[in-house]
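Q: Here's a structure for you.
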Amino acid sequence: MIYTAPDRRQALAMIGAAALCLSARPARSAPSPISFNELYGKVSVLGLTFSDKVKALEGKPVAMRGFMAPPLKAEANFFVLTEIPMALCPFCSSDADWPDDIIVVYLDRAQTFEQANATIEVSGKLEVGSWTDPDTGFVSLLRIVNADFRRV
Amino acid sequence: MRSLLAILTATTILVPAVAGAATVYPLDRATILTASPFDVKVEFDGVVAGSDVTVTINGKPAAEVLGKEATFIEKEDGVEASAVRLEGVTIAEPGTYTVVAKAGDDEKTVTWEVYGTSAEPKAKNVIFLIADGLSVAHRTAARIMSKGMTEGKANGRLNMDDLDRMAFIGTSSTESVATDSANTMSAYMTGHKSAVNALGVYADRTADPFDDPKVETLVEALRRQTSKSVGIVTTSELQDATPAALFAHTRRRAEKAAINTQIFDLKPEVILGGGSAYFLPQSVAGSKRKDDTDHIEGFKEAGYTLATTKGELEAAAGSNTGKVLGLFHTGNMDTTLDREFLKKGTVEKFPEQPGLVDMTKAAIDQLSKNAEGFVLIVEAANVDKMSHPLDWDRAVVDTIEFDKAIGVAREFAEKNPDTLIVVTGDHTHGVSIIGTVDDEKPGDQMREKVGTYAEAGFPNYVDSNGDGYPDSVDVSRRLFLAANNGPDHYETFRPKLDGPFVPAIQDENKKYIANEAYKDVPGAVFVEGNIPRDGDTGVHAVDDVVLQATGPGSENFKGYMEQSDVYRVLADVLALGAAQKK
C-alpha cells in the first residue's frame, strides 16, 4: 500500500491497496527483503565495501525496514532510512552526526513525513553507485529509488 | 566652558552604548599575543562613504600602527552596510591599544590588551587534557564508582584529585551567556572568546562561514615560533569542535570536510581519533566528503605511519618518524562502557578501537622523540557526548578513562618535570548526584527506590580485578545522577545496557518527543522536558568549569579566569612571544 498522510490514511486505506498500488506497478515482482546489517561485507576505517547480497540485488526490487530520519522538509521526495530512530535531521542540524547505517530513499513523488518513532518498510529498486543529489548536494552510494513506504 | 566639556564627555561615553553603533573585531577588552597575526574588521551599522571612514589606534592611523592598508567594503555580501578589513596584522609591542572607528555619526571605541610572554619557556612540554563537558558531578561519580567510599571517605583518589593548582573558568560566549565546545576550546586555544559554533574566528555578520576575522591558534603559534611537535588525541571525530579548535578558522563547526583540510595543512605530528569519513574521497563508501581529496594518501605521502586498529597503533610505536595518523572509526569512537564491557554501540563494526589511555601513551611516546619538546591535547569526548542524552553511566565511565589518561600524563611528568599538565573541561552539564537508586528498597515505583539523604547509603559497585572500572554498572544500589534540564523523556532509573540512551526523537512538527523505546522499561516514568521542544537532548550548563594544573607555570592558574585567559598562561609557559626556532 502507498503511504498517505495520517489524517487521510483511513479513508484512503480502503481504496489504496487495490486501486493505487496495483495499477501503478502491475508487473512488479516481489521485493527481496534486505536488512541494515546485510548492506556491507566489510566495514573498516578506510571505507566500507558492499556485501555480496547488495551486489546481487543491484537494480532489483528490495524491501527494507527501518526508521525515517527527520527530513529536510515536511514533504519531500527523498529521505534517509536509518536502523534506529534518529534524533536529528541529518540535513538541517549543524551538528548532526549521521549513523553509519543509512540508506537514501527516493520516492516516486513527494510525500509527507512519517513519525520517526514508527518502523516503516520501504519498497523500491536498489541502486548502487555514486549519485549527487542536485538539490542538496548530498552524495550517496546506495539508494532505494522509485520507492514507496508503509508503516509496519 | 567647563559645563560644555562635561556634556561632550558624557556624549562620548554614551556612544558605545547607542544601538547600532559600529562593531570592531577583535572586540573590546580582547587580549592579543604580541606578534600573533589577527584580522581586524570594523562593521558599520549602515552604508557609509569611504572618505568619511577613519580608524585610529592610540590616535594614529591604523594602517601606520598595523603596517597594512585597510580595505574598505562599501556593501558587504548580503548586508546593506559598509565594513573595513585588515588581514593578518600584528602588534609587536605589549600595551594597551585604543581603537576608534568612525564614519560620520557611527563611532565605536574598543581597547585591546596586547601581552608579551617570558623570553624563555618555563616548560618544555605541555599536556592539555580536556574532558568535554566535565562537570563536578562527573568527577565525584568517577571517584565513587572507581574507588568506592567507606563511612563517607573516598577509598581512593583520582589522578586529577592531586593536581597542584586550580582555577574556576568562565565559559560564556561573545554573544551569549551559554557556550559550546567550539567557542570554549577556541578560546583556550587562541586567547580570544568567540561565538557558539565558531572556531578560530570572531563571528561576523556575513553568511559566509569562512570569511570571518581570524585569530591565530595555538598550533599556528607553535609552528611560527617553535620547533615543537604537536599531537591531538580524541575519542570523537578529529573534525569535531574540540580538536578542530587547534587548527580551524570557520564560523560553522559543522564544516567538517573543510576542517579536515585545515588539519591536513597544519599537519600535527600525531593525530589519533575517529572521523576517517572526512579523510576518504567521496568515491569510497563511508566517506562524508564531497570531493575526491584523499587525505589518508596525503598523510602517507607526508611520511605518516597509518594505524586503524589498537594493534596497528601498538605496532606504530616502533616507528621512528614521530609522525602517526591513527584513525579508528569513521565517526565518533565508542564509549569505554561499550568498548570494554557491553560491546554495544558500534563496537561490533569497529571492534579494535583503542581507548584514550592507549592513545595518550602512543602519542607521548612519539612526541617525546622531539628534543625541542611537544604540546599534546587529549580530549575525552564522550563525557559530553553521553551527557547530552542523559546517559550518565557512559559519561562517568568515560570520565574514569579520562582520569587514567591523566595518570599516563602524570607518569611522564614525573620523569620529565619540565612538563606542564592542564586538566579541564570546556563547559559543564546540568547534572548532579543526588543519592542512589536501590532496587532493594520497598515500593512499586522506581522513584520510591531513590535514596536521598540518609536513605542514600553508599552504592555497591565492585572492582574485583582492580582495573579502576566497576565490574558492572548495573548493580543493585547505584549512583543516581539527575539532569536539571532535558527534553521530554522516560527516566528508567537504570543503566542503558542495550546501547547509548536516545531520550527524545523528532516528530512531524520538528518537536522532540519522548522516545517510546523506553516507555515499557519496568518502572520508567515520563519526565516532561523544561527546555524548548526543538531541543533533542540535555544542554550545556553555564556554570563555571574547574581547571587543575601541575608543573612549571601552573601557579598562574588561580581564582576566577575567563577561558580566553587560559591561553595567555599557555603562551607564557611556552614563551610564544619569543622566537625559538632552531
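In case you wondered, yes, glycine gets a Cβ from its N, Cα and C as well.
Caution: TrEMBL annotation is automatic and unverified by curators.
Sharing the record's features from TrEMBL:
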SIGNAL    B:1-21  signal peptide
BINDING   B:Asp132, B:Asp384, B:His388, B:Asp426, B:His427, B:His540  Zn(2+) binding site
BINDING   B:Asp132, B:Asp240, B:Thr242, B:Glu379  Mg(2+) binding site
ACT_SITE  B:Ser181  active site, phosphoserine intermediate
Q: Using the CB centroid of B:Asp132, B:Asp384, B:His388, B:Asp426, B:His427, B:His540 as the Zn(2+) site centre, which other residues of the same chain sit with their CB within 8 A?
A: B:Gly133, B:Asp180, B:Ser181, B:Val383, B:Ser387, B:Gly425, B:Thr428, B:His429
Q: I need the CA-to-CA distance for B:Asp240 (Mg(2+) binding site) versus B:His427 (Zn(2+) binding site), whole Å please.
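A: Here the two Cα atoms are 15 Å apart.
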Q: Taking the Cβ of each of the binding-site residues and counting other Cβ atoms inside 10 Å, which one has the highest number: B:His427, B:His540?
A: B:His427
Q: Based on Cα coordinates, which of the following binding-site residues are within 10 Å of the residue listed as 'active site, phosphoserine intermediate': B:Asp132, B:His388, B:Asp426, B:His427?
A: B:Asp132, B:Asp426, B:His427
Q: Give me the CA-CA distance between B:His427 (Zn(2+) binding site) and B:Glu379 (Mg(2+) binding site), in Å, as a whole number.
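A: Approximately 13 Å lies between the Cα of B:His427 (Zn(2+) binding site) and that of B:Glu379 (Mg(2+) binding site).
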Q: Rounded to a whole angstrom, what is the C-alpha distance between B:Asp426 (Zn(2+) binding site) and B:Thr242 (Mg(2+) binding site)?
A: 8
Q: Near B:Glu379 (Mg(2+) binding site), which binding-site residues out of B:Asp132, B:His388, B:His540 have their CA within 10 Å?
A: B:Asp132
Q: Whole-number Å distance between the CA of B:Asp384 (Zn(2+) binding site) and the CA of B:Thr242 (Mg(2+) binding site)?
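A: So the Cα of B:Thr242 (Mg(2+) binding site) lies 11 Å away from that of B:Asp384 (Zn(2+) binding site).
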Q: In sequence order, which residues at least six apart in the same chain have a CB under 8 Å from the CB of B:His388 (Zn(2+) binding site)?
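A: For B:His388 (Zn(2+) binding site), the qualifying residues are B:Gly133, B:His429, B:Thr537, B:Gly538, B:Val539.
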Q: Tell me the Cβ contacts of B:Asp132 (Zn(2+) binding site) under 8 Å, same chain only and six or more apart in sequence, or just say none.
A: B:Ser181, B:Ser236, B:Thr242, B:Glu379, B:Ala380, B:Ala381, B:Asn382, B:Val383, B:Asp384, B:Lys385, B:Gly425, B:Asp426
